[in-house]
Amino acid sequence: MTSMTQSLREVIKAMTKARNFERVLGKITLVSAAPGKVICEMKVEEEHTNAIGTLHGGLTATLVDNISTMALLCTERGAPGVSVDMNITYMSPAKLGEDIVITAHVLKQGKTLAFTSVDLTNKATGKLIAQGRHTKHLGN
């Protein structure tokens, strides 16, 4: 296990103990971490669903936000930044009990801005559930 992977596992472990909103991410599992790329998995459980039993759109946005930030932490700069813009396109539902894969890539990291892309897919079928783009300000 790389130190990058171990560091992110510590971050996820802290989320499971959080008393704030971050605790909703306590059920994600880190699959791999490489420079500018993070892959996580999560089973859709009842606490993750909306009234019709599918993955809640707000949780999808939270996954895009946080997993893309983890990908930024896995760069040489290692800066999480702050959100400037986030866009999510919802393409198909993830149902209760299904396993999803969340793959985040850093597309470009400049002096002050970083651009990331996140795909949420159904683990069994590979079907695209949602795709997000996240722009973050990295500071000076």
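Glycine too: its Cβ is placed from the backbone N, Cα and C atoms.
Annotation comment: Swiss-Prot describes M1 as N-acetylmethionine.
Residues or ranges marked as N-acetylthreonine in Swiss-Prot: T2.
Around K27 (N6-acetyllysine), the same-chain residues at least 6 positions away in sequence with a Cβ under 8 Å from its Cβ are M42, K43, E45, H48. Taken residue by residue with DSSP, K27 (N6-acetyllysine) is part of neither helix nor strand, so it is coil. Residues or ranges marked as N6-acetyllysine by Swiss-Prot: K27 (among others).
For K37 (among others), the entry in Swiss-Prot reads N6-acetyllysine, with the evidence type similarity to another entry. Long-range Cβ contacts of K37 (N6-acetyllysine) within its own chain (separation 6+, distance under 8 Å): A71, C74, T103, A104, H105, V106.
For the recorded site, K43 (N6-acetyllysine), the DSSP three-state label reads strand. Per Swiss-Prot, N6-acetyllysine is recorded for K43 (among others), and the stated evidence type is similarity to another entry.
The CoA binding site feature in Swiss-Prot is assigned to E46, S83, 90-95, 108-113, H137; the stated evidence is experimental evidence. A coil conformation is recorded for T112 (CoA binding site) in the three-state DSSP classification, outside any helix or strand.
Look at Swiss-Prot and you will find N50, G81 tagged as substrate binding site. Counting only same-chain residues six or more apart in sequence, the Cβ atoms lying under 8 angstroms from the Cβ of N50 (substrate binding site) belong to H56, G57.
All protein chains shown were included, and the count of other CB atoms within 10 Å of the CB of K108 (CoA binding site) stands at 10. The feature N6-acetyllysine is assigned by Swiss-Prot to K108 (among others).
What Swiss-Prot lists as N6-acetyllysine is K127 (among others), and the listing cites similarity to another entry. Cβ neighbours of K127 (N6-acetyllysine) (same chain, under 8 Å, six or more residues apart in sequence): S92, T121.
DSSP classifies H137 (CoA binding site) as strand under the three-state reduction. With respect to their backbone Cα atoms, Y90 (CoA binding site) and G81 (substrate binding site) stand 25 Å from each other. Within 10 Å of the C-beta of S92 (CoA binding site) we count 14 further C-beta atoms, all protein chains included. The recorded positions in question are K43, E46, G81, A94, and the one with the fewest Cβ neighbours inside 10 Å is E46. Separation of the C-alpha atoms of H137 (CoA binding site) and G81 (substrate binding site): 5 Å, rounded to the nearest whole number.
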